[in-house]
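Participant: Can you read through this structure? Questions will come right after.
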Amino acid sequence: MSVQIDTSLEEIRRFRPSPEFAAQSVASESLYTDAKADRLGFWATQARELLHWNKPFTQTLDWSNPPFAKWFDDGELNVAYNCLDRHVEAGNGDRIALHFEGEPGDSRSYSYAELTAEVKKAANLLTALGVRSGDRVAIYLPMIPEAVISMLAVARIGAVHSVVFGGFSADSLRARIDDAEAKVVITADGGWRKGKVFPLKNAVDTALEDGLSTVNHVLVVKRGENEVQWTEGRDLWWHDELAAVDADHVAKGFPAEHPLFVLYTSGTTGKPKGILHTSGGYLTQAAFTHKNVFDLHPERDVYWCTADIGWITGHSYVVYGPLANGATQVIYEGTPDTPHQGRWWEIIDKYKVTILYTAPTAIRTFMKLGRQIPQAFSLRSLRLLGSVGEPINPEAWIWYRHVIGGGSIPVVDTWWQTETGAIMISALPGLTDLKPGAAQVPIPGIEVEVLDDDGNKLEEGGGLLVINEPWPAMLRGIWGDPERFKETYWDKFQGKYFAGDGARLDEDGDIWLLGRVDDVMNVSGHRLSTAEIESSLVAHHLTAEAAVVGAADETTGQAVVAFVILKQSHQDEVTDPDEISAMLRAHVAQQIGAIARPREVFIVNELPKTRSGKIMRRLLRDVAEGREIGDTTTLADTAVMQIITSKVR
Ligand code: WT7
């Protein structure tokens, strides 16, 4: 953290939009002035202009029962119709919706007409399997077209999807299935990653092996061609079933506040939260931001967001925003370095991608590999770059603009969260003078503040970021836990949404994000909970106690570093601490998923605690980052840090 703040404080470079870019900009200054003049009226206009409503709404916001907001409450719409049929009806059925690039090099493209046809069949299939409006469907798929088709098919019939990232373990999948009480799981035999097939169906089998879950059916897409076990009656091949259903399906309207999806994210406790999003407000803001932040010209742009649909970025900026806007986009199944380190640049060259949206961790990885790799391809089609997931350090921003963008195209740094549903803070590329490293300004219609610890609003300097007015794409709650929703986000500063991020306002009023202020880590732009990894570590029979911190990492932003005390009774099993560390790292990966695997596990005899027994993670972070140990005066035993430091170094 401190590294980022220091470098961003010294950052003074400014980049004005080029006259050519500004001249063709989709967004104009009037968005800001209209939203200032009448915030709710502004959003109502956006909702009407960007979406098709089966029944028009007459109310914009109902905030009579905060923090439970209702947007466009008496309106009705069908989210999938908005993303599909209406583009076909408007004469754009032949426009490509998806260019799919598989890791092994296979590719497939779907026009809007073809994608609509697939979704209609899938909607009929889900209905035939007994899925009804409001029922939950878990989706556990690689980045293949069927992932997009599944999400839209679920939305089309008013059911609720819960997408679980394919990198999560069987245990994590089961916990999410149970919490949402999913009726159906959509998975694949396997998907391609780093030149190998990873077996997803196996994980589903393990997750469901006790036969006690709420799942009645598992739909299996054929992708990896790997061998799978089959449970007769429960398991069904996607392609067989789709071939047997009706091709016609009429999308009916659902209320604007009808639930659209639940997406689990890590919080400060060990239990992931099911973030609930609904239909009309979510789609309005996803479409609005996708159009204006990415300056989308749907008739000529080729857009590529590299996120997996397992994360919110994939929901809002691969599926709902781009498709609602009728965009042409690329989706890619695999990793950036398979089969060679220039794969992404090859894809941009192949499809003539114009807009690229990715994460700082990827940019820093490419920086390390060197500019000769992207320079072997033509990236001249690119005209806009986006960043998301964590603060982008000015060096990475500049490299992105110069090496990938050719030196003159805008880079937008977009701040938002699973909970906010859509982008909240970002420059608009044709309008804003860009500052490398800062997300800068709230988008039109969004109100944010930076507060001190006591809740006083700051005009300049560092504090805590809050959103002080409800917004259309805001989460509507935590699945099954309204109390936790209130406590987590709304209790700290009465009536204002506390995001959990530190932020600094500079002398121009621009916002610089400074990272999480709670026990949530950000590893490669993915959120991980210290508590969740700690409870995984103590679930291992060798572990007595564990403390996890997010330590600064050059590539991944933060990395998971664990400090573990082994059980006395097992001390004699400890012959080689390196072996035990490796075992515990593997254990976490197996329990939660590979993304949670600690970079390091240190075996220690004690943990630094206050007199009331609270672990002082700040001190452990100092050790993990190789810094001088900070103030230890509140420790119960001040000698403990010396012992830990000597063990670790
Ligand atoms: C957390 C939300 C939003 C999609 C990806 C992550 C951090 C996100 C930025 C940014 C600085 C950022 C915040 C936030 N974050 N974007 N542009 N600059 N920090 O979604 O998993 O819900 O994580 O990611 O700390 O709270 P998420």
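A Cβ is built for glycine as well, from the same backbone N, Cα and C atoms used for every other residue.
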Participant: Write down the one residue from R371, R476, R484, R527 that TrEMBL lists together with G389, E390, P391, D413, T414, W415, W416, Q417, T418, D501, R516 as binding ATP.
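Facilitator: Answer, per TrEMBL (ATP site with G389, E390, P391, D413, T414, W415, W416, Q417, T418, D501, R516), from R371, R476, R484, R527: R527.
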Participant: Can you list which of the recorded positions R193, T418, S524, V538, H540, K614 have their Cβ under 6 Å from some atom of ligand 1?
Facilitator: T418
Participant: Are there any residues at least 6 positions away along the chain from T418 (ATP binding site) with a Cβ closer than 8 Å to its Cβ? List them or say none.
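Facilitator: Sequence-distant Cβ neighbours: L263, T265, I275, W311, I312, L475, R527.
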Participant: Where does the mean pLDDT land for the domain 'Acetyl-coenzyme A synthetase N-terminal' (29-83)?
Facilitator: 98
Participant: Rounded to the nearest Å, what's the C-alpha distance separating W416 (ATP binding site) and K196 (CoA binding site)? Just drop the number here, would you?
Facilitator: 33
Participant: Taking DSSP three-state, what's K196 (CoA binding site) in: helix, strand or coil?
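Facilitator: DSSP assigns K196 (CoA binding site) to strand.
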Participant: Which residue, out of the binding-site residues G195, G389, P391, shows the minimum number of other Cβ atoms inside 10 Å of its Cβ in this structure?
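Facilitator: Counting other Cβ atoms within 10 Å of each of the binding-site residues G195, G389, P391 gives the minimum at G195.
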Participant: What are the helix, strand and coil residue counts for the domain 'Acetyl-coenzyme A synthetase N-terminal' (29-83) according to DSSP?
Facilitator: 25 helix, 7 strand, 23 coil
Participant: What's the CA to CA span in angstrom from K194 (CoA binding site) over to G389 (ATP binding site)?
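Facilitator: On Cα coordinates alone, these residues lie 23 Å apart.
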Participant: Could you measure between S524 (CoA binding site) and G389 (ATP binding site) for me? Cα positions, answer in whole angstrom.
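Facilitator: A Cα-Cα distance of 8 Å.
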